[in-house]
Amino acid sequence: MLSIDPSKRSSLERRICDGDLVIVYERHDKIKAVRVQKGSDFQNRFGVFKHSDWIGKPFGSKVLSNKGGFVHLLAPTPELWTLVLSHRTQILYLADISFVISYLEVVPGCVVLESGTGSGSLTTSLARAVAPSGHVYTFDFHEQRASLAREDFERNGMSSLITVTVRDIQDAGFPDEFCGAADSVFLDLPQPWLALPSVRRMLKQDGVLCSFSPCIEQVQRSCEVLGAGFTDIRTFEVLLRSYEVREERMIGTEGVQDSPVGSLPRKRRQCISRDVNNDSKEITTTTSTIIARPCRETKGHTGYLTFARLACS
């Protein structure tokens, strides 16, 4: 993961070292996390890439294979980590994550409690948001899942900011040691209303809660319980529509004599080729233009985000 030192935020200022984790960008729908090891190589359909050629290059570099193919080496930001991590459970994606961090008012130095950890997608972004002096305490009832998440945080360099604990928050609540210490709490539980009494004790004065639920019935039940002890209760559904922007070639015909009818706009008259048909007195033109259109696969509903603020006593 990128250094959390504010003076070294730019990935362009960092060069890849032996042992670093890099995100190998093959194409928009295929990226991988790779640990750089001198003497090792990475293979794909573009050829063989030697790790020794990567060492010393800045993040963002384009590197060539033995066949002349190429990939880009990107810094492992939380956004990219979300796209490459192992999906042990349903994960939160970037649209929901950014909304959660904004509405939870997570800033450097905050103490955040999370249940459950799952695949660690949100946890990683929370850790970057609280760095360098804050901490994320995340809980999951599933021991193997918690162990795998802990290994992932070691792998992506965030373990110093995250503590993973095996605990059933719905049944046992958060540990008493966090009473009045949490700036924010995030819940991703099948029955979040069972944990709300514990959340009230954990939050600091004016602290904020977020509960993620895939079904509206869970939201309704939670809001009923939130009425006691919480204020400013709001629920959102974040829907993201992506567009793809690319260059396309368009073929058209023009009369030999200038005519205002059917002529191409001035900005699109950069011809790649011009073929004159003497019989029809027409010129065939090939032009390039930038097209923006909605992606064919648009992610729909992921879940509902319910926020509430601890009422002043």
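Cβ coordinates come from backbone N, Cα and C, glycine included.
Just so you know, TrEMBL annotations never went through curation; they're auto-generated.
Per TrEMBL, S-adenosyl-L-methionine binding site is recorded for Ser119, Gly120, Ser121, Leu122, Asp140, Asp168, Asp188. Over all protein chains present, the Cβ of Asp188 (S-adenosyl-L-methionine binding site) has 22 other Cβ atoms lying within 10 Å.
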Among the binding-site residues Asp140, Asp168, point out the residue whose Cβ has the most other Cβ atoms within 10 Å, with all shown protein chains included in the count.
Asp140
Let me make sure I understand the structure: which of the binding-site residues listed (Ser119, Ser121) has the fewest other Cβ atoms within 10 A of its Cβ?
Ser119
